[in-house]
């Protein structure tokens with residue numbers, strides 16, 4: 001079997017956070033969010049390497065704020081991203097060695113994912129080719145038109161909120177991205193690109209704590225979750 005490499009897109013602007021510092025560099029209990037995220041992936045024995053994708057021109061900043069002073073052993077490269085998350089992920093994919101078997105794509109702003117969840121999703125992806133963490137939605141979801149009027153209410157029992165990591169066979173996800181680029185298709189997650197090829201994607205239930213930190217409210221929740229974990233460990 002080949003290598004399993006993680007790609008962490010961390011090139012987002014973080015405008016909804018409303019801070020001068022980009023969200024991935026904000027401190028979560030005295031460490032940058034991105035450092036927590038890297039640490040979670042470093043702890044997974046199956047993952048042999050990690051590629052960080054940052055905003056163009058921020059490679060040195062990432063070295064100073066994230067990598068310097070942290071004992072990370074699996075960082076393979078820090079590469080510049082693009083204008084969209086999808087482009088950034090593609091840049092990361094193109095930097096991977098040819099003997100890569102599986103790719104673990106994980107948002108830089110999801111620092112609370114746990115080792116067992118990552119290991120589980122890797123196992124499923126190895127079996128079926130594409131798998132992602134997700135949780136059943138708690139609220140009723142409405143489909144609306146451009147004017148804000150409800151046009152449908154999907155069955156909540158069939159709706160899941162997709163998270164990351166999303167893990168794929170390397171050749172499959174690379175082909176999915178290349179196909180999307182040729183067709184000018186943009187999606188909000190990588191699973192959608194694989195789905196467009198007609199390939200099945202397996203969802204595995206994760207944790208509601210695996211939030212993507214996007215707003216100040218998310219930061220408060222992340223602090224609370226992390227504090228509770230630390231209390232359990234003491």
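Glycine too: its Cβ is placed from the backbone N, Cα and C atoms.
Per Swiss-Prot, the features are as follows:
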- 16: site 'Transition state stabilizer' (SITE)
- 23: site 'Transition state stabilizer' (SITE)
- 156: site 'Positions MEP for the nucleophilic attack' (SITE)
- 212: site 'Positions MEP for the nucleophilic attack' (SITE)
Residue 212 (site 'Positions MEP for the nucleophilic attack') and residue 156 (site 'Positions MEP for the nucleophilic attack'), distance between Cα atoms, whole Å:
22
Comparing the recorded sites 23, 156, 212, which residue's C-beta has the most other C-beta atoms within 10 angstroms in this structure?
23
Cα separation, residue 23 (site 'Transition state stabilizer') to residue 212 (site 'Positions MEP for the nucleophilic attack') (Å, whole number):
11
Indicate whether residue 23 (site 'Transition state stabilizer') is helix, strand or coil by DSSP.
helix
